[in-house]
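What Swiss-Prot annotates here:
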- 40-51: motif ''HIGH' region' (MOTIF)
- 576-580: motif ''KMSKS' region' (MOTIF)
- 579: ATP binding site (BINDING)
């Protein structure tokens, strides 16, 4: 009987669906394991082989944990709101719902064809009103707690798409050729900064890749510094700056404020006013990326005004430059060009003083010195001296002096900014707020607030979404008076901030999630997805989760206990797969040629899960041959299955089997799937060599392989006479004594150089190891004519002879 993968895979996929094999019960008597994918945006291009890598990894773990007795939650859904569907609607007039349903159907079919063991009864879709009803409910809780507010803010406005971009989205859109400018708009903003300290501190409790945690730390950007007040004698005001280097205050030679600073135009003297206004206008058209790039040429305009340095009484010129941002610190900085490269470049360009206050190994007029390891110089007045102090001591002394003299205060700052939560588009969750004629705001009480039908999906020319054109939806009257609905919609991130909770209780119409079910299933035990979400989805989801924790909706402080980032699978040209490069390998095409089991195994065998690696279609041929070898253990002839025996295995094969169980178990636990597969290949070779038809050996192989290649294992398990599916069979357990090597290879060195090896029984004494090493012919010649100074034996590993000539 031939291995017909297509027939076999269809058969078992139908069996699993008909029998609801992977339906998850909320059984508090069993240990739970929640394994989750970062759910996909269902694009029109479908899934390619690169997308399948993470899904395959989570499915292996889900199947493995079930076989180890865990109650496994392994769900799938769709992050289906988003700009691509709306852009398609603008081009074709097709409603985004139609496009989304079609794309979801395509994605679902591909995932089912791969044999992934999702509990499809828990499927969710962020565009389903029964889902986004609770997204809207969470927003109203944020509003009630003062964590959602409206503000006129400068936003990243994409002219081509007519939509506001989050700071994190700007780079991608510019790279795609879109024009992005800064523009003031009325926006909803979420106060994520209120949770900055907790978002930072709780990272230490998470089993996440260190690089991802560091990316979040950098994004939050906590810094300890000092706010210093500089007197503006001609204006009877103070200009407050924030600095993390108060130890360099004596070296400040000028101040810089942002173009948006409220004093920017007020400080301009008459000769400077026109030039300054033009500069401010041009700066507001630039994105933050354009303004702050390290390679950007420094620009600025002198206001004509001066501020007094509180440390030495010097009058410092006040400049306006676009590299300073209002959104960080106070929107004003003190510049110490001797010890900051950006300040040094600015000072050199505009001929400003450069004053050394940190002892430098070179002339700071020629080269900046930014080191903290040196001592302070030229830093004293009648009240304070920093001369001779290191950074830590100087920081403390200056901060103490500034506070005690009333010239400023210690301050903790964050780079993290509040999250602009509005989008001027149609295809998103409506924000459930009504604006009344008296200026008041009230929440929608009847959720969900759904989207109306529209004739055109183009954003309005005023910057509002297409919802502003639907008057019968927009305006209304209730007991509080006439109102106008909010026309902004939520960003795509909203639905993905909490979806892991809805999988726990997807049909609950009364609550976001049942408390008992939430307490049982949370946290997510393993979350697999791309590292590109480190400071977007992951940070936003952590923020919302902490809000829900404070509200008593969830019982854990963090949503995802363990995070694993899979490496990208590149095209065969070693480039990222994309339509524009023409190197996309559709998942369905490869499955049709080789079968789902071969694709699953090959994806995991390519290399370590976390590494980037190129796809090689020729490589999957080898995996296909391996599966055929597994098949021939049970079906060695064309006619039918071989007769399996219960004759005991010999000692060597028994040990090989237990070593394989041990290796595959440990590697699967640690997501080292490529080496687990390699170990199973070795075991298959041993079975073929021995002509083994032993039932125990075969069933062990199938149980080990089943999480990786479930279809072929189900078929062979049934052929071996088992009635229950292998998906419900327990994982094999190794005997530690039999899993250890009974013979070890001992390396023999002479003066640290390898001169030979020999096989020795496990547990051999040091004396016996040394005696055995002396008998190796290749070693003897290096001992002849030598005096042995020392003999070293490391049990089970090596013998080393330290020698010198007689």
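Just so you know, glycine gets a Cβ as well, placed from its N, Cα and C.
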Tertiary contacts of the motif ''KMSKS' region' (576-580) (same chain, 6+ residues out, Cβ under 8 Å): 45, 48-50, 568-570
Tally of residues which DSSP labels helix, strand or coil - the motif ''HIGH' region' (40-51): 0 helix, 1 strand, 11 coil
Across the motif ''KMSKS' region' (576-580), average pLDDT on the 0 to 100 scale: 84
Cβ neighbours of the residue listed as 'ATP binding site' where a neighbour is any other Cβ within 10 Å: 9
